[in-house]
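Colleague: Sharing a structure, written as structure tokens. Questions coming.
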């Protein structure tokens, strides 16, 4: 495999230190019955070690040259029939069923891959992943810390995240320009009862300028336009459903029912201004002077509930 020229632009840095490989495998607490998903197996240093311990490894590799190396490595051994190789871009493929994911990822797909994992069903037990150090520290960052960002809060909403160990550049061939870290991600099962599209829409707005007050962050005209548009759609849907129900109730029931029901219909007043409504929600929930950089998951859940209960939606 020394003959291969690695494409560092595609994140091809092969983990060569057997001590680090063994450490990752220990931390994954693999079981004999496990199906493991591995992304970017490279020449298979991690793959071969895992094959000795589990029922099956599904290795996803985009580079046909490395696929050839991997096949050669297990050919004619008792490990060959435990290995399934999927050739292609993991971000464009449906994930197979797996119990755990263990991977030295190409760093440029870190963020989209984490969310693909976290929104994957059925649930998996855990993922042990190698990331660029700063990305790993963002995943585990707490409110108030410098690295705390949308990635931190979104990941921590859906999973428990732990920083396991640092891995220096010299453990790879060729060495990357950055330091690395191994992280464990365990999805929360059951997941929190939150519409993730709504949640992410709110968090995205708040974190665009995480040092601004929310009152200021929500004053952008793009944000006001989006929320005004969503509000009007929401009200008209509400009205369509309501008027249908009113006719139905007319058909079935008495006047008192109808009068009660008409109150539910959201009419938009002539002089309606979404900006005022947004600022009212921020004041009423007590978040108008707060900044995203210091707000935790519970804060955002309360805020989302405050907006939604006033008919303001983010998706």
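Cβ from N, Cα, C; glycine included.
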Colleague: Kindly point out the range from 203-223, 224-244, 245-265 that TrEMBL annotates with transmembrane segment.
Modeller: 245-265
Colleague: Quick one: of 61, 89, which of the binding-site residues has the smallest count of other CB atoms within 10 A?
Modeller: 89
Colleague: Taking the Cβ of residue 15 (S-adenosyl-L-methionine binding site) as the reference point, list residues of the same chain whose Cβ is under 8 angstroms away and which are at least six residues distant in sequence.
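Modeller: Expected: 21, 42, 45, 46, 104, 130, 167, 171, 172.
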